[in-house]
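What TrEMBL says about this one:
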type	residues	note
COMPBIAS	1-12	compositional bias 'Polar residues'
REGION	1-22	region 'Disordered'
BINDING	Asp29, Glu216	Mg(2+) binding site
ACT_SITE	Asp29	active site
BINDING	30-34, Arg42, His46, 74-76, Trp78, Arg80, Arg197, 203-205	substrate binding site
ACT_SITE	Asn77	active site, proton acceptor
Amino acid sequence: MFEPTSNRSETGAQPEAGSGPRHVAIIMDGNGRWAQSRGRPRLFGHHAGAKRVREIVEACPDLGVEYLTIFAFSTENWKRTQTEVAGLMSLFRRYITSQARDLKDNGVRVRFIGDRVKLEKSLVRMMDDLEALTEDNTRVNLTVAINYGGRDEVARATKRLAQDVAAGRLDPESIDEETLPKYLDTCLLPDPDLVIRTSGEARISNFLLWQSAYAEYEFIETLWPDFSPDVFGEVVAGYAGRDRRFGGARNA
Ligand code: FPP
């Protein structure tokens, strides 16, 4: 029923040392500071940030990145002012409406992760429609996290897992570390190889907690609206030089 969730290739091998990241996840931080440094409202920064998303998605195939997952709105972001929250929700709508055709024509498969229950029904419909419109695309897999929190995701997954146990569909004795990922929002995605956070903050802020167990992290100073495809290329190139050992020893 579920596709494999691990980073491993279909042959079961781990990614080759020195090769590029197959799955990059990005915490797009710094929109507010970028706008404020220009004397503009925070939403101006979010709009500039949304423009960057498109360029970064387009840069993926040349960099060998098959999966890009971006953190657009966290379960904690509801604490922001009503103006900012409403502005972000309206930006997501505008983005979907204006980009749908282009994403479809450019081979981008779009998925959304996060709890949709708290989102407005009209936005959820647009998200569903965009997922359906792009479901046959294979050039780049773009996953957008909206109302997403890693702990919330694990809690929701655990609830469904417990329901399967209670209904006799899952034997508790069979549960191992391959089981929970099948219930996560990311069940169809490989784990991220590289997690990038922009704007100089060195925190993971509840993003892909389970999935990033063996990811490499890059915390870079650049504010998200300044994160150009060139900067992206440099970060991806830096990843290729890392020695990922997945808990094993360095090869002699
Ligand atoms: C964090 O910067 C950014 C967000 C909470 C929103 C991210 C949204 C976008 C980049 C635009 C929309 C995305 C899509 C997919 C259309 P911040 O506001 O916390 O910045 P600050 O730390 O400087 O205040």
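Glycine too: its Cβ is placed from the backbone N, Cα and C atoms.
Feature annotations (TrEMBL) mapped to structure.
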{"residue": "Asp29", "record": "Mg(2+) binding site", "DSSP (3 states)": "coil"}
{"residue": "Trp34", "record": "substrate binding site", "DSSP (3 states)": "helix"}
{"residue": "His46", "record": "substrate binding site", "DSSP (3 states)": "helix"}
{"residue": "Thr75", "record": "substrate binding site", "DSSP (3 states)": "coil"}
{"residue": "Arg197", "record": "substrate binding site", "DSSP (3 states)": "strand"}
{"residue": "Glu216", "record": "Mg(2+) binding site", "DSSP (3 states)": "strand"}
- Query: Where does Ile204 (substrate binding site) sit in DSSP terms: helix, strand, or coil?
  - Reply: coil
- Query: By CA distance, which of the recorded positions (Asp29, Asn77, Glu216) lies nearest to Arg197 (substrate binding site)?
  - Reply: Asp29
- Message: With every protein chain in view, what's the tally of Cβ atoms within 10 Å of the Cβ of Thr75 (substrate binding site), excluding that atom itself?
- Response: 19
- If you check the binding-site residues Thr75, Trp78, Arg197, Ile204, Glu216 one by one, which have a CB less than 6 Å away from any atom of ligand 1? none
- Which listed residue (Asp29, Glu216) has most other Cβ within 10 Å, given these are binding-site residues: Asp29
- Message: Please report the distance from the Cα of Gly30 (substrate binding site) to the Cα of Asn77 (active site, proton acceptor), rounded to the nearest angstrom.
- Response: 14
- Task: Mind checking which of Gly30, Gly32 has the fewest other CB atoms within 10 A of its CB? They're the binding-site residues.
- Result: Gly32
- In Å, rounded, how far does the Cα of His46 (substrate binding site) sit from the Cα of Asn77 (active site, proton acceptor)? 13
